[in-house]
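Chemist: Before anything else, here's the structure in question.
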Amino acid sequence: MIVTDPNRPDNPIVFANAAFTKLTGYANEEILGRNCRFLQGPETNRYDVARIRDAIERREPIELELLNHKKSGEVFWNRLLVSPVFDRAGVLTHFFASQFDVTLERDKLVRLQDDLAVRGREVARRKVELARTEERMRFALKAGRIGSWTLDLADRRLEASDICKENFGRNVADPFGYDDLLAAVVPDDRERMEEAVRESIAGHGDYDIEYRVRTPSGEERWVHVRGQTFYDANGSPVSMAGVSIDVTERRRVEEQRQLLAGELTHRVKNSMATMQSIAHQTLRNAASLDEARKTLDARLASLAAAHDALTRESWEGATLGEIVERALQPFRSGSARRFTVAGPQVWLSPRASLAFVLALHELATNAVKYGALSNDAGRVVLDWGLDEGRHLAHLWLRWEELGGPPVAKPARNGFGSRMIERALAMELGGRARIEYRPGGVVFTFEAPLPERVS
């Protein structure tokens, strides 16, 4: 420490203890009588020096860290505390100053600041990288129509992304809590869904399930949900997180595929009966055996072509008129009056074309076996049209059998009847209905207008 006398010119040092001489390297005789600015050098901060001078002029204490120089030229950081000393009359008599070498602390601080700066740059870099990753993730989720969700298990608080809400038929602005989700699940699937959640939590396994949901508009959808459970340090479950995706279209395709597989089995079993009916009808109306042979060959070839159309995956679609012609060709008798067909040109997608071939072929088969085409007098009226008076144009089709044997509603619907109603309704999203009227079967179908597939 040192003591200076402000009442003498240039406020010289009048006392310096041994610790000060040891710190600075100066002998006592080199210190006394000098202003302490001799410890300053070119690296000393001029602003800090001005602060000291100002405090002395105002007779106020000051504390700061100043870069000083030892006698050897070595720099050191000096934590300086300067205080004025007054006598009992309040007259300033001296300044007392203590010094502490804080070079090591300052060096550590500089290293810490440098390290902090490096870490700050690394944090900034990682934030940018994380933001890019999150942006890519958001794009992937949006492009794949994949919703994300988190569930707090303590209070059952569900947070769902916009796409997740849309997968469940909700508007983005609508509230969508866990109770809303449970209410949306079709009752037959709800217990299975909740059991899957319990198993994931208890077994530390993935949550992976598909179930049906009912949207507020009444639409039934299939949703695939995947997630996992997260636990605290004690192993207690705290939350779940995962994704959801609307798989209604895939489920519809799978159901259609199963339906077609069942139809193939049904068709194989029914094939001989159908060909026998066609052969009987041909022989009954043929004028000669040779004519019967040619007619039968043509009809069997048409039947084979219709079957071929059912299994061709690369079919690019066709007009409804072409589909009707292909489906009914094997069943046309020698008289064109057996079928009355009329309707505008309507383009069908490949799957819609296949569904119409299946339904019309089944209707015609049943007509040959049991209905209007099972005798000589019956006939079928088939027409279709467009109802453009709605927000979306609708296609309607009507199949009506006349002049056949009396019809009674069967005790139960067979596979063929279920296939007729479900194939079209499922594929085109419309309504199909079969009525067993005494005068003949009437089949009606209505759906939004199918778009042409280029």
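Quick reminder: no glycine exception, Cβ is built from N, Cα and C everywhere.
In case it's useful when we look at the structure, here is the feature table from TrEMBL:
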DOMAIN    1-59  domain 'PAS'
DOMAIN    60-114  domain 'PAC'
DOMAIN    133-204  domain 'PAS'
DOMAIN    207-259  domain 'PAC'
Chemist: Go ahead and report the DSSP secondary structure tallies for the domain 'PAC' (60-114): helix first, then strand, then coil.
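Modeler: Split into helix, strand and coil, the domain 'PAC' (60-114) gives 12 helix, 30 strand, 13 coil.
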Chemist: Please list the DSSP helix, strand and coil residue counts for the domain 'PAS' (133-204).
Modeler: 41 helix, 12 strand, 19 coil
Chemist: Can you give me the average pLDDT across the domain 'PAC' (207-259), rounded to a whole number?
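Modeler: Looking only at the domain 'PAC' (207-259), pLDDT averages out to 91.
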